[in-house]
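Enquirer: Dropping the structure in here first, questions after.
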Amino acid sequence: MSLFDHSLTKLHELLAAKEINVSDLVDVSYKRIADVDSKVKAFLTLDEERARDLAKKLDEVDASEKGVLFGMPIGIKDNIVTKGLRTTCSSKILENFDPIYDATVVTKLRGAETVTIGKINMDEFAMGSSNENSAFQVTTNPWNTDYVPGGSSGGSAAAVAAGEVPFALGSDTGGSIRQPAAYCGVVGLKPTYGRVSRYGLVAFASSLDQIGPITRTVEDNAYLLEAIAGHCPADSTSADLPVPPYRESLTGEIKGLRIGVPSEYIGDGVSEEMRKAVFDALNVLEKEGAVWEEVSLPYSKYALAAYYVIASSEASANLARFDGVRYGYRTDNADNLLDMYKNTRAEGFGDEVKRRIMLGTFALSSGYYDAYYKKAQQVRTLIKKDFDDVFTNYDVIIGPTTPTPAFKIGAKTDDPLTMYANDILTIPVNLAGVPALSLPCGFKDGLPLGLQIIGKHFDEATIYRVADVYEKATNFSKEKPSL
């Protein structure tokens, strides 16, 4: 049994009782990475020397006087900047980028005295649903290494599922925390837009991006969100609201809780095993005292199209900063300034990033702005209204995280539209800005299935309460892959 099979609370108790020390935890992490990462390929850069030095210092501290995250090893998705630790966004254009500052979430974690183990693989600039778009390596699913771990935070989900770290940070623009969490059988939360600072998150789509926690259990997830959430003066979109003690929301009580189940989330395109897993989960929650009814989110059918117009348009603007002048890769193949811009971007960006930049530039161009970008934003407003209407009568919305379990590596790389459809059930949440969590709810042919719980704006606490009740009434979160 690995130390990382324990909850954060239990690990903290062991530290406080001096039965283990921080160096033991760091040792477990690096040993596990050495043992299995040649198969999983989750980590891009390890920070071993600094991590071990910090662990030795923390060994001298009385853990009983510290918070639950004290001394805990963590992995950071490679689009979250870390001072003095390479941050690549899994792109050749940032292959040797060494940030001069920490993201706000990293600063908060350092304040909580966690230990950063290293930076984790992802789809390039967070654009992808399978982790196959990384310029450096393809992360695999620990449950079956022939299958994808999901994307774009597939490396973070795989690292946690494989027991390399007890928890990790990811980012979610259209499902990039929840979909990998579902595929890898772990717990992943996309917080309300504005709940967690984006300062230091390399921007993909600024109105959609949100950093969130990926963990083994719901309780661990609540602890990690509490540590990273809160207002940040450096991020004008972060909400100036108090951060609730999320761990205290895990009361075990959901009697009378009202659940809405969108008919659009359990209809055509959703596999039979996924549909059955959702209804089985609803039966579990019903026995615990909740009530559920079918509801409708009619504009969800337009979410995928609206998302790819909005996200690509914002990416087109955000990625204009990677030009070979200020930082990152610069081509050697240029006779003049214009050639330098063109060739740097042509050589530095991968195919999917180029595809989205082109799509976004087209949608923002003169003559097409009203027809595409403006219309997509109008659809976004209608999608948000759908959620608002349902939440007037219901506490949470529940459905599958993904239409199917994970697919084989290489199965969809030649068909971008089929790949995009993997996020059809997660994208509406980002467009509406509401929080949502995925947690394990079953297996099909040895691959995990994910249940998605969606909450009201800034009501992550209710999501955690429901998820915790379900997790404790089932055994799915206790299952581990055998690597």
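Heads up, the Cβ atoms here are built off N, Cα and C, so glycines get one too.
When I checked Swiss-Prot for this same protein, it listed these features:
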- K77: active site, charge relay system (ACT_SITE)
- S152: active site, charge relay system (ACT_SITE)
- S176: active site, acyl-ester intermediate (ACT_SITE)
Enquirer: Rounded to the nearest angstrom, how far is the Cα of S152 (active site, charge relay system) from the Cα of K77 (active site, charge relay system)?
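Expert: Between the Cα atoms of K77 (active site, charge relay system) and S152 (active site, charge relay system), the distance comes to 9 Å.
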Enquirer: Please state whether DSSP places S152 (active site, charge relay system) in a helix, a strand or coil.
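Expert: S152 (active site, charge relay system) sits in coil per DSSP, no helix or strand.
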Enquirer: As a test of the contact definition, list every same-chain residue at least 6 positions from the residue listed as 'active site, acyl-ester intermediate' whose Cβ is closer than 8 Å to its Cβ.
Expert: D123, A126, S129, G151, S152, S153, G170
